[in-house]
Structure formats: C-alpha cells, structure tokens
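> Please find one structure pasted underneath; my questions will follow.
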Amino acid sequence: MPPRFNFLLHAFLCLALATTSFSFSPKFYDNVCPQALPAIKKIVEAAVHREPQMGASLLRLHFHDCFVNGCDGSLLLDSTSILETEKNARGNFNSVRGFEVVDQIKAEVDRICGRPVVSCADILAVAARDSVVVLGGPTWKVRLGRRDSTTASTALADNVLPSASMDLPALINNFKNQGLNKRDLVALSGGHTIGLSQCIIFRNRIYNATNIDPAFAKERRTTCPRTGGNTNLAPFDPTPARFDTTYFKNLVKERGLLTSDQALFSGGSTDKLVESYSKNTDAFWVDFGKSMIKMGNIKPFTGNQGQICVNCRKVN
C-alpha cells in the first residue's frame, strides 16, 4: 500500500474516531460553539433567582421529555394539524411549565453561535443540570449532541409517564421500561426535594391514605379542601427552593406529599435506600448525578437523525 494512501487512511480514521467520540459527549459544543453552555447557565441562573420554582419546572421538563420516546425535545412541540402536543397529556396538562425560559435560551444560543447548532433537547438537559446547581445541588457532566424530534405523541405520553397515584411495583415497572432500575427510581424521585405540587394531585392521599402522618395531613388540608382549590400549591418538602435530603427525611416520617412519593418508603424494597439518602447527602448527590446521566441517555437522536429546531415549539 503506498505511503501516501496509508497516511490519508490514517488521517481519515482519526477524524472518524474524533467525530464519533464527540458525537454524544460533554464536549460536543467545545468546538462548534463554546459559548453555548455558559449562555444557558446565565439564563437559567437569572430565571431561577427570579422564581426558585422555575428550577424544579426546568428539571421536570427534561424528565417528562426523556420518558416519552427518549430525550428528543418532543415535549416542547405545540400542536399542529398533523401533530398533537405532549403538553396536553394527563401528566403534563396545566402542570409542565418553563417553556418561555427555553425559548429565551434558544434565541440566545442561536444568536451567539451564529446559527441554530444547539438542539432543544440539549437545552433541556443542560437547563435541568444548571437548575439543580443553582438551588444548591450537585453537578454532573451532561452528554451532548442530541437532535430534536419531528413528532410528538399525547397518547404515548399518557401511557408512559409515571403517575402520582402509582404504588411501588408500578413505579419499578415504569422505570424498568425506560432502562432504569430501583436505585434510579429513588434517586430521580429525589428531584422532588425542590418544587411544588397542585392540590388535585395530592388530595386523595391527604384525605384517604393510612400511611400518612396525621399532623402532616391536617397541615396540607388547610390549603387543599375536599372540593375546589385544585390548583392550590404545596411544597414537596419544607425546603422547596433548596436541593437537599429533606424529601427523604419526610418519607421516613410518612410525610410524602404524593402517593408515589410515600410508596418509596412503605415497607418495600426501596426503604433502605430512602433511609440511606435521608442520612447521607453525598450518597444521594452521587447517585442523582449518575441517574440523571443515565436518564439523559434514553434513546437520543444523534448524527443525521431528527433535526436542530429553529424554534423549539415547532418542526422546521
């Protein structure tokens, strides 16, 4: 084989390997637009400082995006004549929020990058991480290079998003269907250490559950009547603007807000892990970061799959 051909072949293979190694990695934007991640962080910090609840909302957007056919930005798409938005699914309707912040991020990164190179799916992944950090939680290396979906499915979202009324076996099965195990289930549920929930979501638990601290139920009933007040809000734990382990401490005391929260500590196979996290912040943070990376890796579009949306609310 001629030396020149050997050299060209070697160069091509090196380039191919470099492209492959960067095709879905934390370094994906290092060369194409190194300003992208700092820009996302700046906007997330400002949004969360204005309204701490926004941190939980942005984290939830990434979660609900990934669980419906992978982390592909499909949750952000609005309805059209040929597409029914996932925003109207039972687990999302009148509850998912933060879309205006995503729009702001998208406009800014496209401006500083000079063209649309950052996908909406990647924006959700990075904004989720940055939100947790702003609220005092751990950081992790977000793999990047996702591309955006050109479809969405309300029906699929209805079928696969976990419900607040699920018991432990249903939750374990739901997460298993996404390639996630019991440790991932408990760690990711710890995202409820920030944010608020609506009365309509937890009403049945505070009036009918038997595995609930009576004083806690009484406290929650003051702002969540048997009828009316569906959108009244209550925190998942007493420190809704701080990413800590209070959520797990509450579960041990039977003060979980949702049925699906308390299911994690109800005499089942996840009790020991809940108790461990309640006593060990570092263990929770390490596992939360690992599980967020794992969740963020669910069926991403990469390479030539999907597209880079110009507007996160619609297909190009």
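Just so it is clear, glycine is given a Cβ too, placed from its N, Cα and C backbone atoms.
Please treat TrEMBL annotations as automatic predictions, because they have not gone through curation.
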> Looking at TrEMBL, which of Cys33, Cys71 bridges to Cys66 via a disulfide?
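In TrEMBL, Cys66 forms its recorded disulfide with Cys71.
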> Can you tell which of Cys120, Cys224 is bonded to Cys199 by a disulfide, based on TrEMBL?
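Partner cysteine, according to TrEMBL: Cys224.
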> Hey, for the Ca(2+) 1 site built from Asp65, Val68, Gly70, Asp72, Ser74, Glu86, who else sits with CB inside 8 A of the CB center?
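Here the non-site neighbours turn out to be His64, Cys66, Phe67, Asn69, Cys71, Gly73, Leu75, Ala121, Ser149, Ala152, Ala157.
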> Taking each of Asp65, Val68, Asp72, Ser74, Glu86, Pro162 in turn, which of these binding-site residues have a Cα lying within 10 angstroms of the Cα of Cys312 (disulfide bond)?
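Ser74, listed in sequence order.
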> Out of Cys66, Cys120, Cys199, Cys224, Cys312, which of the disulfide-bonded residues is least crowded by other Cβ atoms within 10 Å?
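With the disulfide-bonded residues Cys66, Cys120, Cys199, Cys224, Cys312, fewest surrounding Cβ atoms within 10 Å: Cys199.
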> May I ask which of the binding-site residues Asp65, Pro162, His192 is closest to Cys120 (disulfide bond) if we compare their C-alpha atoms?
Asp65
> Consider the recorded positions Cys33, Arg60, Cys66, Val68, Pro162 and say which one has the Cα lying nearest the Cα of His192 (heme b binding site).
Arg60
> When you put Cys66 (disulfide bond) at the centre and draw a 10 Å sphere around its Cα, which of the recorded positions Cys33, Asp72, Ser74, Cys113, Cys199 have their Cα inside it?
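Those close enough are Asp72, Ser74.
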